[in-house]
Amino acid sequence: MSTAYQLVWFRQDLRIRDHAALWHATQAGPTIALVILSPEQGQLHDDAPIKIDFYLRQLQSLKDQLASLNIPLLVHSISLWKDIPEYFATLIQQLPIQHVYANVELGVNELKRDQAVQKLLNQQDKELVLFHDRTLFPVGSIRNQSNLPYQVFGAFKKTCYQRLQPALPQCYPIPAPQQALTDLKLISSTDSKSLQLEYQKHIQHPHDHEWQVGEAYALQQLDQFIEEQLSDYKIARDFPARAGTSQLSAYLNIGIISIRQCLQALFRAQQGHFDIQSDAQQSWLDELLWREFYQHILFDFPRVSRHLPFKQSTQNIPWRDDPVALQQWQQGQTGIPIVDAGMRQMLATGWMHNRVRMICAMFLSKNLLIDWRKGEQWFMQHLIDGDLAANNGGWQWCASTGTDSAPYFRIFNPVSQSQKFDPEGEYILKWLPELAQLDKKTIHEPYAKKHSLALDYPHPIVDLKLSRARAIEVFKAHLS
Ligand SMILES: Cc1cc2nc3c(=O)[nH]c(=O)nc-3n(C[C@H](O)[C@H](O)[C@H](O)COP(=O)(O)OP(=O)(O)OC[C@H]3O[C@@H](n4cnc5c(N)ncnc54)[C@H](O)[C@@H]3O)c2cc1C
């Protein structure tokens, strides 16, 4: 009888360490791996070119790592997810596959895709065996006393703390190398170099010099952050000119590292016990739990992935249609330096500091009163760490339409934020070199004292005080 293989279907989890599906597949028997690339689906989801480029480069790294375990990787391109079940139907005719293993993905389309594959496999007495690997706790498992999902971060977090108390989630080991699968003939496999060419039209500006791939690199970054930067994190995290945060979001997002690895590293000095020793440690833990919270929200309230506000009372807000202002915001030409610096940082590097993401998002949704969904889409189209759950959660928080949001009348003043969190104007200067001649007081608001200042930089496109008052009026009048 010929060997039956286990198939691991990698998606947003391109690593071999601490990988639930890979571990379980390899324990069940000889394993082969699969990645399906879906360029058109990626476009529908607004995946940024820099994110696709990052994914493809990591895919090459994953292939090498799997080769060291004698696990062959099959890479297949299927434009749209709706055609994936048909591909599996053919694949299981051509290869003796026993079961398919994968880690759960949470978006509505992802869940629908997996249900269709499950149905197809079940008809052939096979299964799509799914594992909760992207979150610390299975989605649907963090519930309040009425067995309902939490809608407020504070209460969600408290329950997570209780769940972590007895023991932190453990990491899976790297599977032992299997015997080479000499009698296996893969039906077709595209190498990731040629896929990169196929994707070339989507990737106009590869940034590989800035975002190195590889699990070893990501783990080294994690260790370095915990050992050298964590102690200062609580304060430093808010200052965009400082490298005060881990910059691991892109790595977490496509699964080059896992959330369990982050948690284990955070409590390494406590020998893996959930024993919070400092404000800094708690502060980073809480950010990891914000990530967790938004993923659970995405699962429990699927309307957020259908472009609907979480708070239904905000659905009648009459957002302004102002394509000119939208474009000025997108290109970092609003005349508000901290906003423009953030928007230009994202265009140049694919990443923006969290404090500045909040300032830019509030400026668009409140001062410009432009629909937050337009900002959400622009971020997704440009972020290397673009993630539906976190991006939607962040945008809805800033626009006061989301879970546990900023109340609509609490609107950041971008100039005060800039003075507080970039007091020397270093961050602004890095991204707006045209303001080099200004001192650290003037740089936050170049024309405040001298309207006629000769600068190659726009005047503010909106009056901050008046636009703040307008947003409050509009919200007050249209909340149902
Ligand atoms: C409008 C807006 C849009 C955002 N879009 C995204 C996005 O598309 N993808 C994304 O990963 N994050 C998003 N965030 C959250 C946050 O800005 C980034 O996760 C963070 O800047 C990443 O930097 P870091 O890895 O250095 O974070 P650190 O401060 O080191 O935090 C560690 C990890 O915790 C998670 N995290 C931190 N803050 C948040 C948060 N507020 N919400 C959810 N998770 C968080 C991230 O995975 C991050 O890597 C958004 C925030 C806002 C306000």
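Each residue, glycine too, has its Cβ placed from N, Cα and C.
Unlike curated entries, TrEMBL annotations are predicted automatically.
Residues within less than 8 Å, Cβ to Cβ, of Tyr233 (FAD binding site) and separated from it by at least 6 positions along the same chain comprise Gly244, Thr245, Ala280, Ser283, Trp284. The annotation FAD binding site is assigned in TrEMBL to Tyr233, 245-249, Trp284, 287-294, 385-387.
If you look up TrEMBL, you'll see 4-136 marked as domain 'Photolyase/cryptochrome alpha/beta'. Confidence across the domain 'Photolyase/cryptochrome alpha/beta' (4-136), taken as the mean pLDDT and rounded to a whole number, stands at 95.
Trp319 (site 'Electron transfer via tryptophanyl radical') is surrounded by 15 other CB atoms, counting those within 10 A of its CB over all protein chains shown. According to TrEMBL, the feature site 'Electron transfer via tryptophanyl radical' maps to Trp319 (among others).
Secondary structure from DSSP puts Trp372 (site 'Electron transfer via tryptophanyl radical') in a helix. Positions annotated as site 'Electron transfer via tryptophanyl radical' by TrEMBL: Trp372 (among others).
Residues annotated as site 'Electron transfer via tryptophanyl radical' in TrEMBL: Trp395 (among others). Taken residue by residue with DSSP, Trp395 (site 'Electron transfer via tryptophanyl radical') is part of a helix. Its own atom aside, the Cβ of Trp395 (site 'Electron transfer via tryptophanyl radical') has 26 Cβ atoms within 10 angstroms in the protein chains shown.
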Rounded distance in angstrom between the Cα atoms of Trp395 (site 'Electron transfer via tryptophanyl radical') and Asp385 (FAD binding site): 14
Recorded positions near ligand 1 among Tyr233, Gln247, Trp395 (Cβ under 6 Å): Gln247, Trp395
DSSP helix/strand/coil residue counts for the domain 'Photolyase/cryptochrome alpha/beta' (4-136): 65 helix, 29 strand, 39 coil
Spatial neighbours, same chain, of Glu292 (FAD binding site) - Cβ under 8 Å, 6+ residues apart: Thr135, Leu136, Phe137, Phe156, Cys160, Ile259
Which of Gln247, Asp385, all binding-site residues, has a Cβ with the fewest other Cβ atoms inside 10 Å: Gln247
